[in-house]
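Engineer: Here it is: the structure, laid out below.
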């Protein structure tokens, strides 16, 4: 028996595109602060040493939203919840754009992080609308939209700031979110979960889910290793490129980040492989790709055209691998209990996002102590740890 009622029975290409575009547009809000931290800090009077709080508080808000907002997808009507969160993003973006003091802007950045978790309600919603045979394909297509949004957010924000100001970035995004809210309200079907749990019971069940569902636990830990390696790379490489060996400016570094297009390409491919029961081999491939990406870029710190090419190829291979295991993992957990999809997705995303935060911190520390090769060693070790853990799974 179905655990929820939905006003339309199946996913359509148009709805898939809408959900993919929505994920990309909303997720972009999480990444505007990365290239704009300097100009924003200077404008609102935030000390340089505290500029990192712009990104950190957004990330903290996002993780808290994954743990305490996303599970509501198993309890409340999904369309209303998603549109409400998009409305919250609009308010937070407007406040951020109007901010002239550090406290007001940082509070808005934190709220942007919380409300942007609507993305992680849309993905399981899409999975629930898809047939079993095409669930991986649909999840992959929706995730490709998310990856494009993440990839484009930083260069677009940098470009708009150069020709106008950082305030325009936030106001423009708020206007886009307003249009998106109306479109989502008009086009998304209703989904009413039949759960009778209280909010406290809902949140309390998440730890039990992590303990009792080996697929959720394993997939979350695999991806924590993968995403930790991902953040090692993308936190340290900009420092390498801006350093004396390459001397690249922010514009060139932004172009380098477009190597992340590999993630958007990998998403639908990974989804189709998972639908064909090839999730296990795809998982190992993704882990090996991440390790290989770091090995390719091993000599990247020495400078020169060849080394820059190796870093670029390494970035493409690494992004392809991380996205492959992420989509395969989501396909696996969405094939479990439909009544608990939102909670399982919240656990999955929060676990590997925390892994990413740890990876970025360790990566910078190792880079300062041992250079790029020190950080790259960690980048190789993390997916290798994931492979070893994968090999202990008798169900593989």
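A Cβ is built for glycine as well, from the same backbone N, Cα and C atoms used for every other residue.
Automatic prediction, not curation, is the source of TrEMBL annotations.
Copied straight from TrEMBL:
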type	residues	note
DOMAIN	8-396	domain 'Major facilitator superfamily (MFS) profile'
TRANSMEM	12-31	transmembrane segment
TRANSMEM	51-69	transmembrane segment
TRANSMEM	81-98	transmembrane segment
TRANSMEM	104-126	transmembrane segment
TRANSMEM	138-160	transmembrane segment
TRANSMEM	166-186	transmembrane segment
TRANSMEM	227-246	transmembrane segment
TRANSMEM	252-271	transmembrane segment
TRANSMEM	278-299	transmembrane segment
TRANSMEM	305-327	transmembrane segment
TRANSMEM	347-366	transmembrane segment
TRANSMEM	372-391	transmembrane segment
Engineer: Do the transmembrane segment (372-391) and the transmembrane segment (278-299) come together with 3 or more C-beta pairs under 8 Å, pairs six or more apart in sequence?
Structural biologist: yes
Engineer: Could you tell me whether the transmembrane segment (166-186) and the transmembrane segment (227-246) have 3+ CB pairs under 8 A, leaving out pairs under 6 positions apart?
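Structural biologist: Answer no, regions not in contact.
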Engineer: Give the one range among 51-69, 138-160, 278-299, 305-327, 347-366 whose Cβ atoms make the most pairs under 8 Å with those of the transmembrane segment (12-31).
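Structural biologist: Highest pair count goes to 138-160.
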Engineer: Are there 3 or more C-beta pairs under 8 Å linking the transmembrane segment (347-366) with the transmembrane segment (138-160), counting only pairs at least 6 apart in sequence?
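Structural biologist: Between the transmembrane segment (138-160) and the transmembrane segment (347-366), contact is absent.
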Engineer: Taking 51-69, 166-186, 278-299, 305-327, 347-366 as candidates, which has the most Cβ pairs under 8 Å with the transmembrane segment (81-98)?
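Structural biologist: Selected stretch: 166-186, with the most Cβ pairs under 8 Å.
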Engineer: Within the same chain, where does the transmembrane segment (51-69) have neighbours whose Cβ lies under 8 angstroms from its own Cβ atoms, ignoring anything closer than 6 residues to its ends? I mean 6 or more beyond.
Structural biologist: 30, 33-34, 36-38, 40-41, 85, 105-106, 109-117, 120, 203, 206, 346, 349-350, 353-354, 357
Engineer: Same-chain Cβ contacts of the transmembrane segment (305-327) under 8 Å, 6 or more residues past its ends?
Structural biologist: 136, 139-140, 143, 147, 222-223, 226-227, 229-230, 233, 237, 240-241, 245-246, 256, 259-267, 269-271, 274, 282-283, 285-290, 292-299, 352, 379, 383, 386
